[in-house]
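> Not my notes, these are from TrEMBL:
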BINDING   A:GLU46, A:GLU76, A:HIS79, A:GLU164  Fe cation 1 binding site
BINDING   A:GLU76, A:GLU128, A:GLU164, A:HIS167  Fe cation 2 binding site
Amino acid sequence: MLGLNRTHNLIQRPLVRYSSKFNYNSLPEESKKQLDRILRVDHAGEYGANRIYAGQMAVLGKTPVGPTIQHMWDQEKDHLKKFEELIPKYRARPSALLPLWDIGGYALGFGSALLGKEAAMAVTVAVESVITEHYNNQLRDLLEKNPEKHTEILEVIKQFRDDEQAHHDTGLEHEAEKAIFYRPLSEVVKAGCRAAVWVAERV
Amino acid sequence: MLFKRLILMPRLVKTSSICLKQERTYLAVSLLNNKLRLRQISFNNNQILRFESIGSTGPINEKIQTDTLNQNESNENEESVEEIILKNALKFVPEYGFTTEAISKGAMEVGLSSAAKGIFNNGAFDLIDFFYKHSNKNLEAYLENLIQEGKIKRKNELIRSAIVYRLTLIQPYIKHWPQAMAIQTFIPSNALVSIENLLKLCDQIWHQVGDNSIDINWYTKRLTLAAVYKTTELFMIQDKSENFKDTYEFLDNRLKDLGTFNQVKSNFSNLAQAVNGSLTVLRNVLNLRN
């Protein structure tokens, strides 16, 4: 009853009631709003990143770079799982455009991988650099006001920022810069990611 | 800034000190009208005595300032003057309805001038808004207890008792609730706040009952619950039956409808799976899989 049937779960989530463990109401009003935005966009971002790697794996899964991409994908899966826990906990609203991020991410991953391993890595580098920058901005915002209330989120974002930075470096190691049209490709992807971040914060 | 004004005010307070009660009223209202929140200043006797001595000058004045300042910092959880007034105003709602008169009466109840209603820019809507949020808070505590007790386990039963409890909170004011609903709905700026309140209510219920959906279900769950709650509320204001028996029956029927809706929805997702499956078969047949 009441929408309890969930057949489509990306990752099976345990059913937990958070109300007794953590006092959401003790957060100041502005923190609630801030965390709502942050968790929505980060969840959407990790969701999209997952789909990018899924698209890349569909093409490059059987090639020598397969395991590298798989490793990064596995880390993104962990990130996504974490945000799926945090969204109900902090009563954030998930992005309404998840189907769009799903298709968009997969298409980006799949399309870039078709252009070759270097182009796929170039996309990874571009995406991860925007995400790292975005996480850094969030850390700055969270530290600005009531940092003592945000310790959990701060820890999570710090760790994920480092992971994304590592993915960025992995991409560079795998000759991302040798991709065809590296500059324009990377700029277009970066602009697209920034636009997606802007939208996902809101919708 | 508050304290600067306190210093400027002694003369006014002195001239108007006809009796202690009036003096107190005057001081409080002037501060309120200047939009200075007396958040931490409660109206107990100690405080009044302090204000009485504001008329004198010199070191005593400074002492008062620092005293009040310390107090300001210490009590964070105390209610603001606005909340105190509105809480008391609710007592007068059965008699006066959700009106500014009720607010005035509420203000007088705590010893302020009836003109204190002037601090509420939206008039009656501020009272309704306060009532709504206050009731949401009560519901949260009630539901928390219910879950802690653990007698009711099933989610839909928890949701039902949450809606029933939330409706009982309105029942004392049922005579004036249609008027309140009109004020909530027909002024656009109020309507926006009211919709937000309603969605917050549904979000809160789902959260406490234990919902961790992070996809489109998040939206459908809250919107369907909002629809059920709002239609039942509408039904209740016309319900003449004893103890709102018909309302609860109506509610049960709406919840049943939702069950059917979800069945249909899950049938659709089965359909999606079937389509997906046949596509996989097709890809296998065409040898497109690695």
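Here the Cβ of each residue, glycine as well, is placed from N, Cα and C on the backbone.
TrEMBL: automatically predicted annotations, no manual curation.
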> If I restrict to non-local contacts, at least six residues apart, and a C-beta distance under 8 angstroms, what lies near A:GLU46 (Fe cation 1 binding site) in its own chain?
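Same-chain residues close to A:GLU46 (Fe cation 1 binding site) (Cβ under 8 Å, separated by 6 or more) are A:GLU76, A:HIS79, A:LEU80, A:PHE83, A:PHE160.
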> Counting other Cβ atoms within 10 Å of each Cβ, which of the binding-site residues A:HIS79, A:HIS167 scores lowest?
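Among the binding-site residues A:HIS79, A:HIS167, the lowest count of other Cβ atoms within 10 Å belongs to A:HIS79.
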> Among the binding-site residues listed here, A:GLU76, A:GLU128, A:GLU164, which has the most company in the form of other Cβ atoms within 10 Å of its Cβ?
A:GLU164
> Please report how many Å separate the Cα atom of A:GLU164 (Fe cation 1 binding site) from that of A:GLU128 (Fe cation 2 binding site), as a whole number.
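The Cα atom of A:GLU164 (Fe cation 1 binding site) is 6 Å away from the Cα atom of A:GLU128 (Fe cation 2 binding site).
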> Around the Fe cation 2 site recorded as A:GLU76, A:GLU128, A:GLU164, A:HIS167, what other same-chain residues have a C-beta within 8 angstroms of the site's C-beta center?
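After dropping the recorded site residues, what remains is A:ALA49, A:MET72, A:GLN75, A:THR124, A:VAL127, A:ILE131, A:THR132, A:ASP163, A:GLN165, A:ALA166, A:HIS168.
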> Determine which residues of the same chain, besides A:GLU46, A:GLU76, A:HIS79, A:GLU164, have their CB within 8 A of the center of the CB atoms at the recorded Fe cation 1 site, and list them by sequence.
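For the Fe cation 1 site, the extra neighbours are A:GLY45, A:ALA49, A:ASN50, A:GLN75, A:ASP78, A:LEU80, A:ILE131, A:PHE160, A:ASP163.
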